[in-house]
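Undergrad: The domain 'Major facilitator superfamily (MFS) profile' annotation in TrEMBL covers 59-476. Annotation comment: TrEMBL describes 129-150, 156-177, 189-215, 221-240, 286-304, 324-341, 361-380, 386-406, 418-438, 450-471 as transmembrane segment. Summarising the annotation, TrEMBL assigns region 'Disordered' to 552-573.
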Amino acid sequence: MPKHGYDQMDGAAVGGAYQSDTGGNDSPMSFEEIERPPLRHVDKYVRAECPCIKTTRYTISLMTCLGFIISFGMRCNMGMAKLQFENGSVKYNWTVAMESAVDSSFFWGYLVTQVPGGFLASMFPANRIFGTAIAMSAFLNLLVPGAMMLHPTVVILVRVLQGLVEGVTYPACHGIWRFWAPPLERSRLATMAFSGSYAGVVIGMPMSGILTGSISWHAPFYFYGVMGLIWYCFWLWLSFEKPRQHPTISVKELKYIEKSLGESVQLPMPTIATTPWRHFLTSMPVYAIIVANFCRSWNFYLLVLYQSAYLKHSFDFRIEETGLLGALPHLLMTIIVPFGGMLADHIRKTGLLTTTNVRKLFNCGGFGLEGLFFLVVAHATSSMGAVTALTLGVAFSGFAISGYNVNHLDIAPRYASILMGMSNGIGTIAGLICPIAIDHLTRGQPKSCWSTVFTIAATVHLVGITFYAIFASGELQPWAEPTIEEQRAWDPVGSGYEKETTFNEAGDGGAGSPGGMMDPTAQINATKTVSYGAVQQHVTNNPFAYPNAISEETVQPEARDTYLHGNPTERTY
């Protein structure tokens, strides 16, 4: 039955009733014969799956989430280290310009590799691009404490390199979901993965604060560096580029994913020459995603880099307390992001709202509530009021991830990784501008300036939701459809090749194509004059049925052999 890598199959797959996903009563053998990759040495002892997760696609999503947790946890290390420097135990006499350069240096590299990351995810296995980026960033994180001892310029260089390798992670993540995410599960799978960005802050802030306060400012850098390298080992074991390449995925899940994605994944990946750049630059739905990404990036990096400083300077919290309280908003957001993804998919499945309206509702609702609560934070006079408003604002913004951040897969799934690189690249500009602006606003007046900082953040969101509400779309764009040339690249019939079917019997003398080769479509619709016992009447729109009603007729005369046939009295024995 199955080939390499399938020593046994799930009972449900063998039974052929995969009702939950396919909705039909398909046998595994109703699919084309599935060529399986051979089992790796480790797979013979431990299957490549998480024991607590039934499906492989959710295992990929969980591992992607963990990768983002490590990636964004590393971004919290520098903020906690700087607070330790302010306490006087460690002194680095950096100027404002040098401090801003260190804060923003990560985003210099992060910006450069966004769009190239989209093409790398198209040219090479996206899962390998994603995993290698996290592993390299973790290794560079181990070098930061040594660089701090040398010179700020060395720190800037290391962080630029970190940004360069991490710039490909978001585009690569969209490249992974191109092959792994069924259309009606895009929101939940993508948001489950992206929730790692916020869970990373939830864990990273208190973890960095505790390690910095109890051990030293070096400890968070070493801890996350080691964790990243350990994660990479598990990623190499559990992740694969496509379902077909997974040696132990069940047949029923493989069928479900491939049948739901259809022929879109068979089309050739876009190149620089075939990418519709002009349409990108003239498409308002693309601009809507870019603007939303910029607004989200501004406020997200504001919180990651300066939330602890705001709580410390405005309400005199200790470093450990700022880490714990700063993690609370992101904890709620981590819960809301995947919940919002499931809710968005449910609304789309039931048909209550169109995909366009779902994206607008979730994006504008999430950003609007966050902007409203940021205004409360800007005018808060008590620590309880400020922490409550900050927590609620950040938590509700989690719904927006089911809006703009999944929208790339709606409007152009083939170009999702490239579009993600473009939008995240422009969003990274916010990461460059935000530290410079806030460092200059807060320098010398750390308490009074925070009202201005959060008022600006609320205004940024107001502009973002207005633009997105007007121009966003959830429909597949005309320019994202494959061209005729691209279809011919993988369609043997469209390319002029002959398929070996029973319809080619008249190929030698058939009319309708040069050289006597009859067109397959014409052969299917051709009217036959000879019947071989057909009993079905004509069925509308069925190309395989004859255009005229054909009455039942005998295929051959009734046998009258006297040895076996006829009445018992007529037989000869």
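Cβ from N, Cα, C; glycine included.
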Undergrad: Do we see three or more Cβ pairs under 8 Å linking the transmembrane segment (189-215) and the transmembrane segment (450-471), pairs being at least 6 apart in sequence?
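TA: Since fewer than 3 Cβ pairs under 8 Å link them, the transmembrane segment (189-215) and the transmembrane segment (450-471) do not come into contact.
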Undergrad: Should anything in the same chain at least six residues away from the transmembrane segment (156-177) have a Cβ under 8 Å from its Cβ atoms, list it; otherwise answer none.
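TA: Distant Cβ neighbours of the transmembrane segment (156-177) are 60, 64, 67-68, 71, 74, 78, 101-102, 105-118, 120-122, 126-127, 129-130, 132-134, 136-137, 140-141, 143-144, 147, 186, 189-190, 193-194, 239, 408-409, 416-421, 424-425, 428.
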Undergrad: Counting Cβ pairs under 8 Å to the transmembrane segment (450-471), which of 129-150, 286-304, 324-341, 361-380, 386-406 comes out on top?
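TA: Comparing 129-150, 286-304, 324-341, 361-380, 386-406 against the transmembrane segment (450-471), the winner is 361-380.
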Undergrad: Using Cβ atoms and a strict cutoff of less than 8 Å, what residues sit near the transmembrane segment (324-341) while being 6 or more residues removed from its termini?
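TA: Those are 187-192, 194-195, 198-199, 201-206, 209, 303, 307-308, 311, 317, 362, 366, 387, 390-399, 401-402, 406, in sequence order.
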Undergrad: Hey, which bits of the same chain come close to the transmembrane segment (386-406), Cβ under 8 Å, at least six residues off its ends?
TA: 186-187, 190-191, 194-195, 198, 288-289, 292-293, 296, 299, 303, 307, 311, 314-315, 325, 328-330, 332-337, 339-341, 343-344, 358-367, 369-374, 376-377, 380, 423, 468, 472
Undergrad: Mean pLDDT for the domain 'Major facilitator superfamily (MFS) profile' (59-476), rounded to an integer?
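TA: Across the residues of the domain 'Major facilitator superfamily (MFS) profile' (59-476) the model's pLDDT averages 85 on the 0 to 100 scale.
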